[in-house]
Structures are given as C-alpha cells and as structure tokens.
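To start, the structure under review is shown below, and the notes come after it.
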Amino acid sequence: MAESWSFLDAFEPNFRPLVVIELAKGTKEETLKWFTKRIVDKKANGGAQLLVKPLVTESGDENIYLVGASHLRLLLGAETVGLVKECNDNSMRTFTYSSRKTFKDFADDNHNFLTMAECQYIVKHELENLRAKDEKMIPGYPQAKLYPGKSIVRRLLTSGILVQIFPLHDREELKKLRQSWYGRVKVGYQPLDEIRCYFGETIALYFGFLEYFTFALIPMAVIGIPYYVFAWEDYDKYVMFATFNLLWSTVILEVWKRICAIMTYRWGTLLMKRQFEEPRSGFHGVLGINPVTGREEPVYSSIKRQIRIYLVSLPFVCLCLYFSLYVMMIYFDLEQWALDYHEENESNFSNLMLFVPSIIYAVVIEIMNRIYRYAAEFLTSWENHRLESSYQNHLILKVLVFNFLNCFASLFYIAFVLFDMKLLRQSLATLLITSQILNQFAESLLPYWLQKRHKKRTKKRISSLKTDTDLSLVEQVNLEKEMGTYFGTFDDYLELFLQFGYVSLFSCVYPLAAVFAVLNNITEIYSDALKMCRVYKRPFAEPTANIGVWQLAFETMSVISVVTNCMLIGMSPQVNALFPDSKMDLILTVALVEHLLLAIKFIMAFVIPDKPRDIQIKLARLEFESLEALKQQIFPLNKCFHRESGDHKR
C-alpha cells in the first residue's frame, strides 16, 4: 500500500465536506498555517493528505475549517483502518485497494461504496494520527510542548487551541432516516442497517439491544398482567413467576449474543482486527520510550497509579456507599412517619402521603447518581490510565457499584431485613416509574426543548449575514457546532442495566415491572432516535463487534437475580409450610436449589453457542483461506532458499 500514496493526488474538483474543525477565536496565524499544512501534506512528509477549506463568514473569522478527502484517499484509508466489506461471492473480507474490484458494488466512479459514516471515521483516524516530527511546540504557543510521536490533535485539544472536531450531518440522508425511524408511530422493527450506515455500529448495536430487550420483556409482561390481576395479595403464587424469571434472564442474554454476532458479521465488524491501542488523550507523565512500539510517549509509574486507586479512589467510593446507605435509612424514617400519619388520619390525603417518601427517595437517588458520576469521572481521569479501554473499565466499575447499591439497597433491606412484601412492592413500583419519568425528561425532552430554542436564535442571526459562501452550509455548520455533544452509549446502557435489575431481581412481587419497562422502552426508542437526529451533533462512527463490558454486567446481574429469587421463594409461606419444624432444612434446601439453578444457568450459557453455526463456518473458512494465502507467500521464498542452497553446494 505504501506505493499507492505516491500517486495520490490531493486535488478533488467536487469538494465534499465531511468533518468540521473549530479552532479557538483569535488563534494565531502561524498556528493556522502550520496545522492546515500538516492536514494537506503528503503522508511521506508526515501529513494526513486530506483536503481542507476554511468556512468564511461575513466577519472574516477563519476559525472553522471543513475537512474532506479525495475518493482515492478514502479507499486507501479504508485499507489502513481495516474496514471489512462484502465481496462479489457474498463473503466478508478486509478491504484492500489492490483487490478492490472483487468487492460488491465497487466501481471507480461509485463514490457511495463507502458510507459517509465510514468516510468520516477514516478522516478522524487520519487526523488523530497526525504526529509531531521535529517540532518542540505548537507554533505560536511555546507553552504547548510537543515531542516526536505526540498526537497533534490531542495536544491542540488539551491546550484549548482546538475547540472541537465533529462530523457533519447529511441532510438528505438524515431526513430519510428520520422518516423511516420515528417519523410515524408503527409496530415493527427499527431500520438498524440504515442506522448503522448513518451513525456507525456502536449506535446501531445500542438500538438493536434496546429493541431486542423490549421484545424479550414482552413474555414477562404478558405473564405479569394476569398475575397482577388475579394474585395481587397472594404471595404464595409467586414461586412459579420467580422460577420463570430465572430461566428468562439467562436465555435472553445468550440469545442476544447470537443475534449480535449475526448483525456484526453482516456489518463487517465481527472480522475487524483490533488495532494497537494508542495512549488516551488525558494520559500524562515523563517522556520515555514505549518498549513495544519504540516511540517516545509519556510514561507513568503503575505503582503510583495503584496507590491512587487503592488509597484515594477506593476509600472515596466506600465513603459514597456509606452515604448512600445513610440516605436510605433516612428514607425508612420517612416511610415510618408516613405510615404513622396514615394510621392517625385515615383519608385520601394520607393514602397519597404513603407514596411521598418513595417518590422523594427516587428523586434523591437520581440526583446522587448524577453527582457521583461526575466524581467518578474526575477520579478515574486523575488515576491517569494509559489506555482508553482501561479508563472505561475502571469508570464503569465505579459507576455500576454505586448505582447498584444506591438503587437496590433499599429493596434488599425491605425484602430480607424487614420482610415486608407490601412495602417492597410499593417501593419497587415507585422507584421504577419515577426513575423512568425523570430519565425521559432529563435525557430527551429537556435537551430537545433547549435545542429548539437555540435553533430559532441561530437562524435569526444567520439570516442577517450577507456572504458569498453557500448560506445553507454556513447555517448548517453554525447550527451543528452549537448542538450538544453525544458522549456515547454509557448512560443509555446504564439505564437499561438498572431496568434489567428491577425486572429480574424483584418483579415476582410486582409483576407489572415488566409492563412498565416495555412501555418505557417503546417511548425510549422514539425519544432516543429524536435525540440522535435532532438534539445532538452527529457522533463519529465507532466500529464494534459487541456491547463490550455491558454484556458481562448484565450477566452478573442475572447471577444475582438467581440468588435473590431463590431467597424470595424460600421466604414464601407456601415453601415455609413444607418445613414446619426445621428452618435449617429450609435454608439448606434453598441453598441447594440456588446452586442447582446456577449450575443450570452456566450449562445453558455453555451449551448455547455465542455464534450461529453458519457464522462459525464462515469465520473458519476465512481463517483457512488466510492460512493458505500465507503458505502461498512463504512457499516461493522457501523454494528460492533451497535453490540458492543447492547452487552454493555445487
């Protein structure tokens, strides 16, 4: 591929803007010239070999640039990042420029072979891999130090010179997507392939999981409605519901792995090889040599990091957990006060007052979760993790531990300390419904309303401009650069994780939990779609083969649900009647059943393959063909070596 760069022409008659770069106002002229030169320079000279064009407005400020690339440059970039595309024989293979004719729908004049999201991902990859050569600093900013191999874009961001980089929306494609996605209320599947083409695999997988989880909840909801109607106060009958819950929570997660494999194989990301992970932008330390790559980069002692984790972060998390439990005990004091008030003044008002403590506690839980999230992000960043994957794993662990205790500790306390099933049902219903309403308002309705207000103001300001530049493009860029930034699927998966906990842990005492979860998820699909298309800037596509660490989080929750439901079954009067004389026999029997169910769960997880048989065969065939191709390359070398050895002997 190295030979291909030499004939790559940077000229492109029809410039197509893909990515917007916004620099800080007042950025020095020498910085602008140096940075834009590095973007357009040839790869051999350390540039990105992209196209760049300033967005000139009436004010004359040149702090916004549009970045694009020639068709040939994008094809070579697709090979660099390892994109996988469908071949003419319907197999999926890693794209190479030399074998481009073998890929389906490829033609030299077909500029739609790569989706716009893939093109933007390639441009982002090339910009992030712009690295300093001999520069010691950013020109014009002596305090912004550079060293060989340092990412230029990351240094510009941390120095405040670069404000943001974001991909542009495609108005026509977005309009079509909105119409097929949420333009009309309908019963059916989401256009996941279209979502993937526009937003990338990470976003598409989230919506695929949200849709799948919603459908998976329907059996629980269907069983829960008559159970609620006919056995509301009869807790003896929740044994069957809890047993079904155990099997359901295991099967849906195993089936999802198979569905995920089918989708990601079709999209090509199941075959993408994981590249060597670069240091994250926030990582800092003393300049040293990476023993693996040989590059100069910051080096930070792992001992110092461990000290920060175990002597600062861990005690802080424990303190937060203690505070969460303290707030929980205040909630129980309020519950007791409301109950005493109801007993003294039985009226409609006192009936309503019984729900007030739970509602207040649900609101406090949401507030504490959000405050703790900021603290967890600060602490995890301060721990100075070298890799983004390590940073994400530590952040997710902190957030999940706190959210789990904060949301479910009161329910465990009510169930297994107070043994009050009526209060458990009331608390579960209030926490679930209140959290869903608050999340819908905070994540979708409020941002949409604020964005709509801002859009009106921006349109008035843009309409007053008089410029020769394409006004629609100026308007689009100015509107999009002020839109909120979508920070990923973390919060969305966290919401589903907590919902899964409410349904799988205690829904046998409140069967309508699954019903409310289904209703919430249906509205969540539409509100999240609206959020992605109308509220936030377009996120860069990120290839992924699965939902990552969240799969493990859901599986861990399902294991906890086995223990919880077994304990609830053991507490039921129906089961207690079987052991009238010995509570120890009851405890041992429940423990035995719990271990058997866990064994069945793990056996089911082992027996159900993660990938369907046809996908396994296709992957094995590709691996076999790769080995054969490698042998074909090695065989001529061996033959040549033996011929030279024979000549030498003669």
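Any Cβ shown, glycine's included, is placed from N, Cα and C.
Keep in mind the model is a prediction, meaning the values are calculated, not measured.
Quick look at what TrEMBL lists:
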DOMAIN    195-621  domain 'Anoctamin transmembrane'
TRANSMEM  212-232  transmembrane segment
TRANSMEM  238-256  transmembrane segment
TRANSMEM  309-332  transmembrane segment
TRANSMEM  352-372  transmembrane segment
TRANSMEM  395-416  transmembrane segment
TRANSMEM  496-519  transmembrane segment
TRANSMEM  586-608  transmembrane segment
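The stretch with the most CB contacts under 8 Å to the transmembrane segment (586-608), chosen from 212-232, 238-256, 309-332, 352-372, 395-416, is 238-256. Sequence-remote contacts of a segment are chain residues at least 6 beyond its ends whose Cβ falls under 8 Å from one of its Cβ atoms, and for the transmembrane segment (212-232) they are 238, 241, 244-245, 248, 252, 255-256, 259, 496, 500, 503, 507, 511-515, 517-518, 521-522, 525.
Where the transmembrane segment (309-332) meets the stretches 238-256, 395-416, 496-519, the count of C-beta pairs under 8 angstroms peaks at 395-416.
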